[in-house]
Amino acid sequence: MGYTIIKHPLIDHKMTIIRKKETSSMEFRQIVNEIATLMGYEVTRDLETEDIEIETPIGKAIGKRISGKKIGIVPILRAGLGMVEGLLTIMPAARVGHIGMYRDPETLKPVTYYSKLPKDVASRQMIIVDPMLATGGSLIEAIDELKRNGAKNIKSINLLAAPEGLKAVQEAHPDVEIYIAALDEKLNEDKYIVPGLGDAGDRLFGTK
Ligand code: PRP
Ligand code: URA
């Protein structure tokens, strides 16, 4: 496993809009969801299907339906919430768990304050969502929490990643495939992604 940068003109265009500092929270929220939908299409490309016989108004046909693992979406609060609706648009039956976490402003380490996951995480394809993968601390901790609860199949969707964070997650959890829309240059001294898009949670929810 490793990481995949999902390249698509629509994603690149929309990423540029959310990076711009003048983009409003309203537009930012809408576009983060749109990017999540587009990325979700790629991330689910390997779902198993089976043939089923159906009847169209004209006659019999063989169709396909998803037959493998059911999906569980897990946003890391708060910013991950901004991607959930976009994914539910194409996977309306998915279960949604939540992991609450923030980066301590002093230590910059993740602090977990909430965890509520579907009971059957062990049999689901779990997809963690969070717009930002900076030091990787939050994602590593979220994957640890899913694994403690029995999850065996985990993917992550992040809009932006820093090289050092991506490396840290891959080293800690080599079995998890990470999907990103862009790989940025580096982290600054406050561990923000450069050039990044700023604080994703604040931009989504209009705080600060
Ligand atoms: C942001 C972001 C990630 C985390 C990434 O959350 O949404 O969860 O930082 O940083 P890391 O890779 O260095 O751990 P933040 O702490 O700003 O909380 P919020 O979502 O509540 O705003
Ligand atoms: N969290 C954010 O919201 N933005 C960053 O650049 C890093 C962490």
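In case you wondered, yes, glycine gets a Cβ from its N, Cα and C as well.
Of the residues D175, D199, TrEMBL puts just one in the 5-phospho-alpha-D-ribose 1-diphosphate site with R78, R103, D130, P131, M132, L133, A134, T135, G136, G137, S138: D199. Cβ-based neighbour count (10 Å, all protein chains) for I193 (uracil binding site) stands at 26. Within 8 Å of the centroid defined by the CB atoms of I193, G198, D199, A200, the record's uracil site, lie the Cβ atoms of P131, M132, Y192, G196, L197, G201, D202, R203, excluding the listed residues themselves. Among the binding-site residues R78, D130, A134, G136, S138, the ones whose Cα sits within 10 Å of the Cα of I193 (uracil binding site) are A134.
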